[in-house]
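A.B. asks: My structure is below; once you've seen it, I'll send some questions.
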């Protein structure tokens, strides 16, 4: 059977290449491509798994290969015209890189794997687990929820221990020569030690801040001994069932080193917030966590993402702990362990909820770290030559690393039409007929396949928009790593920043300059079209290309126009039942939304005395986990949130002792947030997506200009608010 399968593959490949190399005219090429695209369109309407999936991949690949052959043999400028040849070759390299990424990405997601639920083990079969929450500069308010949720996970209490690994209170920081830095570290250390004591969590710190997050995790390993290690970022609060849903996989495979779960976020990233897409468009990371990681998992190449994961201590000990040569210690660690023959598993079920960067500058800082770290891996630990990896693993890791070279490609595509419009450089030699027969059909086939594979997780034009806004800054970051791959340092992404009014990002000015430049280039293209009719076809093609770039640049101005946010930390939809006690009245309520700061509650029956804003009360859990005693949560009643006066906003006046109850309300079950995430995963047609992009491009420049002219607002770190507006009784602990 294996010989027959190999024969079929070789025969099919030979037939495809024979077809690709056939010389035909533009009219025949257009006809064949149109028929092939029609066939591709039809088969992509059906099942997205099994044989039809492979047929769709192969069909699109034929058109892509046909374009690559034509592009290589028929369109390059002559070498004796260096002014056109050099930029022409750079554009050609950028296109060939895209085609290379097309094929390597198709390989990665050709057969994504769906893992069954982890086997549920009896308590006496469960391994011991050390839960690490590394922190550097996160506030106690952010840490309180994560630590309380981690400590409240459903797991035998004698088999797991939660540790806060505080890199903000190290000996080095507390003994700093700068008195302010030293005092801040001392105060932080004292506050977090108290917090951990109150939550039943162990506080650990170390002598020096060396090797960033990897060094912090390794210091924690030296002082603990659990069989497994669960890692949560400081703002990643786990669901109560997290360990039950993951550790069972380790008992099924003694060579398993990693179980990774998706990163799910309770707030929009700056792109989603500023464009207003968070509630109805799939999040930017969903393509990776919903499709790509499952594709990587098929090839035993899903990798550690730094949080929301469980790792085997034995495997980490074999490689000396978490790797710290690059600033993406997570992927680097997974690469080392995969090369040693260890296995990984990806569980496609969000089991944590975290925070996205709030500002565009923080977003760029985070992506810059990811980009530089993956380029470091490419240079310092190139997966292609890494001993011990299988061929599929090499290709999978190369795909993950090479992806971050997109800023060069995006820059090339931005500049290419300008070179012809302004300088008449002929960097792409093709007639309008050839361009239609080869280039346009190639683009259509690629987009059909991309929508087929990722349409539910990534709408059309969204990738282009995200890549453009990052490319403006990441080109320089990549160049710096190439020249000095050991220079980058780990930077913590700032979370929980409050923006109280619309304002321009302090990184906005390059986007205004590019938008204005592209607008002027378009104007000159229109002028040339009117005055140089002989070049009309080329001017139309390059002008349309430049217009698309202008539309993307216009939409990007909306992204750098920061909209106000509600920095209440993690806020989740809910349907939990509770009771509200105000004075001598107790009424059942349903919690509709909750964060560590406030909640929206809906009264299930009318109170004898109407609620008044500013009243003091208590929120009681009526269905806490078995054998758990949780305190009621003191609240201040706010204004009604609906016209029926049955829904109210309540401010939580929480102390540390109340966070286990808040964590239970928020994170006992993430089914509702998961369903909302799944509800956003809907396909959008290209015409509708294009109209949306154009709408952003039209209105965003006006919003950006008005935001720039308005007064600047201040940004400040989130702090918990107190409402000392009513005298409150002493807290009581209520048995459930």
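Just so you know, glycine gets a Cβ as well, placed from its N, Cα and C.
Bear in mind that the values here come from a model prediction, so they are computed numbers and not experimental data.
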A.B. asks: With TrEMBL as the source, which of 377-399, 469-491, 538-560 is set down as transmembrane segment?
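C.D. replies: Of 377-399, 469-491, 538-560, TrEMBL gives transmembrane segment for 538-560.
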A.B. asks: Of the ranges 51-69, 70-88, which one does TrEMBL flag as transmembrane segment?
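C.D. replies: That would be 51-69, the stretch labelled transmembrane segment in TrEMBL.
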A.B. asks: With the ranges 347-366, 507-526, 567-586, 587-606 to choose from, which does TrEMBL describe as transmembrane segment?
C.D. replies: 507-526
A.B. asks: Across the domain 'Glycosyltransferase 2-like' (229-431), what does the mean pLDDT come to, as a whole number?
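C.D. replies: Mean pLDDT for the domain 'Glycosyltransferase 2-like' (229-431): 96.
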A.B. asks: Taking a Cβ cut-off under 8 Å, which residues six or more beyond the ends of the transmembrane segment (507-526) line up next to it in the same chain?
C.D. replies: 360-361, 364, 414, 417-418, 421-422, 469, 472-473, 539, 542-543, 546-547, 549-550, 553-554, 556-557, 560-561, 701, 704, 708
A.B. asks: Do at least three C-beta pairs under 8 angstroms join the transmembrane segment (28-44) to the transmembrane segment (435-453), pairs 6 or more apart in sequence?
C.D. replies: yes
A.B. asks: Applying the under-8 angstroms CB criterion, which one of 51-69, 401-423, 538-560 scores highest with the transmembrane segment (435-453)?
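C.D. replies: Answer is 51-69, with the largest number of Cβ pairs below 8 Å.
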A.B. asks: What parts of the chain pack near the transmembrane segment (51-69), using Cβ distances under 8 Å and only residues at least 6 beyond its ends?
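C.D. replies: Those are 12, 16-17, 19-21, 29, 33, 36-37, 39-40, 43-44, 96, 99, 102-103, 106, 110-111, 438-439, 441-442, 445-446, 448-449, 452, in sequence order.
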